[in-house]
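Taken from TrEMBL as is:
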type: COILED; residues: 301-335; note: coiled coil
type: COMPBIAS; residues: 89-103; note: compositional bias 'Basic and acidic residues'
type: COMPBIAS; residues: 206-216; note: compositional bias 'Basic and acidic residues'
type: COMPBIAS; residues: 217-229; note: compositional bias 'Basic residues'
type: COMPBIAS; residues: 230-241; note: compositional bias 'Basic and acidic residues'
type: DOMAIN; residues: 25-75; note: domain 'PHD-type'
type: DOMAIN; residues: 122-171; note: domain 'CXXC-type'
type: REGION; residues: 1-21; note: region 'Disordered'
type: REGION; residues: 83-103; note: region 'Disordered'
type: REGION; residues: 197-243; note: region 'Disordered'
């Protein structure tokens, strides 16, 4: 069956068309040249037919394998329309049937092969054990009285011999001592043992024998080791000449096993005697030749002590500054307020000028910048904690750390007491309180005068007492840290010097002066 779309039919009709479109071919039973629809071709006469003329749609044509027109079928009745789906189903069914038949044939062939192999094996075995013609081979029941039957499990035996009944042993091919029933009770026990030795029994016996031999060897080795140790102990206890004498001073006892002494006391006595004998000589050698490390240690100690003395002087100076600052603050509070004196610097009319806070970043007026920054810093500082598990214990130091105990974290606050925003707050400033900040010229030179502006209005000297006290306290803390570091260095140097000439060092090391006439070069000043 042939199907063509519109382009295919147009190409087919182009062969018979003329240039002017005349003499166009006609198709179908309607004999029209229309090719703009679905058409189906006859597989016998190759004539094309319109689908709507013969009542066949495009969907129906997809299921047709071979199609013949009515005229061809009338001329040749053997022509029949064939469909695709019926043919494919038949093929599938035929294929399944063929597969099933093949599988059955294979299974039957395998069964036959298995049966043949089994029968051949049985025949081989049977031919090897019995002839199949004598009375013993034809017998099917056991007698239950011979020694082989009494060994069987069904008659209550241990099943060790594993042989057939003597009456069923072949008279032609079986061994004579197996088939001879008269002499069965009187067989030689050696022959009976031979009869028991079947192949698989032999293998089991071999495996068990190997295991037993290995276990026996291991046991023998352990026993030898035990015997040797026992023998050595017996020799030590019985033979006095084989015992070692204790090496302790003045001891006549025998030493313990695997030891040189009879007891721990003898070992300690011998060690003490060796120390008393060797130590004086080592001390004399140590004193004769000077030690370079000892001299370096002495110089280092002198330098550390000088630095400690300087730190103490600096601490005394800082304490003096501390008391002087307190006296200046007391004098400043006694000054009288001058209402007509105002701070001219920074009081310009330019209100557009703004600066930004270093803590929060907000724009602020320069007049109140110091107050705002101080409050921001205190707020952020109070959110963190600096603590230690131990309180401050410094003799002679006044007002250094806050040391307020926090029961939640179980620590002591280690901020400076003056600057701690969490546990110490600034006192309220009264309206008649004077600023009192000492005035200076050329930045550092004091003039002896004080700022007499009211403290609430003074923006130039905001919290000057707090900052001055914090400066002095911080310097004192630095000096104390320096002093503590120097104490640690001194302790390490002293420990090194004492260990250098200690008992263990003197016993392990020895100073040898090869040329006693020549002076030691290490004592010269030019080294």
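Start at 1 and count along the chain as shown; that gives each residue its number.
Note: Cβ is positioned from N, Cα and C throughout, glycine not excepted.
Remember, it's a predicted structure, so these values are computed and weren't measured experimentally.
Here the domain 'CXXC-type' (122-171) is broken down by DSSP into helix, strand and coil counts: 23 helix, 0 strand, 27 coil. Computed over the coiled coil (301-335), the whole-number mean pLDDT of the model equals 89.
Across the domain 'PHD-type' (25-75), the DSSP tally of helix, strand and coil residues reads 15 helix, 11 strand, 25 coil.
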